[in-house]
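Engineer: I am attaching a structure below and will ask some questions about it afterwards.
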């Protein structure tokens, strides 16, 4: 058996992505140099880390509950442990010893009462009453242990799978007015899926390719699209990418504006309710309010000391932002310092 740090790091990285911790996954991926590993992620199944942890937990449960000859301690089902219990040696050893002590007590009690119990009539080889009851109890215990949630098969007629992205899908958002679903992916595209009953073939998709200008022409950015948000009228979609640009698209898939002032990946962006401003947060430790009509930056807020991870509007001019610096700033358009700062979170 061999385990490398690259393999462990990759499984942790995939777990963070699959669990929706996109910001943490990005930071961890950079620090652990995931992109430099030789692991083919396409061959690693989903939930791989959880699967291997579950198998390890089952091994510890068996270690606690099974004798060296393969029989169950005290004839009981395999002990169920929590993940934290399983990694604590004292817990495992204590439970093992408790089972052994109880087994020894039962053996001693059984030998002392042997003379008081008669055999079966006429030497018929049937089991003693206690053995019958014990077997019945064991069967009942197993029945209870196996009473788990069953898989529920959803009829094909009630499920729709939207295929088209060529890499992980990080985020999706419903249009507030129309039967449209927007999604952002690691294939450097966002997509708008038309799920209305009138659409042909059940669903159609518009591909919103995120490109950058190089050598006088547009080329794919090859960066993840990890944030997106519809305006309240459902007419415009804003997307944020790891290429450092925010973009505004029409619901028909046309690029309306490119917003460029961040100096690194954009982690989050939100429309205000009125629909005239877009708010973005980036790894460059700043948040920016953009004029949705002109595409110009109205104000940049450089108050965080570490990457800004998320933002949310309080009203059309005031918002809160949070960061890996463990601070929350409440800011207002036109003011050059936070209205309020909240501190108290710890690592």
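The backbone N, Cα and C atoms fix where each Cβ goes, glycine too.
No curator has checked TrEMBL annotations; they are predicted automatically.
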Engineer: Which is it, of 109-136, 137-164, 165-192, 193-220, that TrEMBL names as region 'Disordered'?
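Structural biologist: That would be 109-136, the stretch labelled region 'Disordered' in TrEMBL.
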Engineer: For the repeat 'WD' (225-249), give me same-chain residues lying six or more residues beyond its boundaries with a C-beta closer than 8 angstroms to one of its C-beta atoms, as numbers and ranges.
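Structural biologist: 22, 26, 170-171, 173-178, 180, 182-186, 188-190, 192, 208, 210, 212, 255-260, 262-271, 273-275, 278, 280, 282, 290, 292, 295.
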Engineer: What average pLDDT does the predicted model assign to the repeat 'WD' (225-249)?
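Structural biologist: Taking every residue in the repeat 'WD' (225-249) and averaging pLDDT yields 96.
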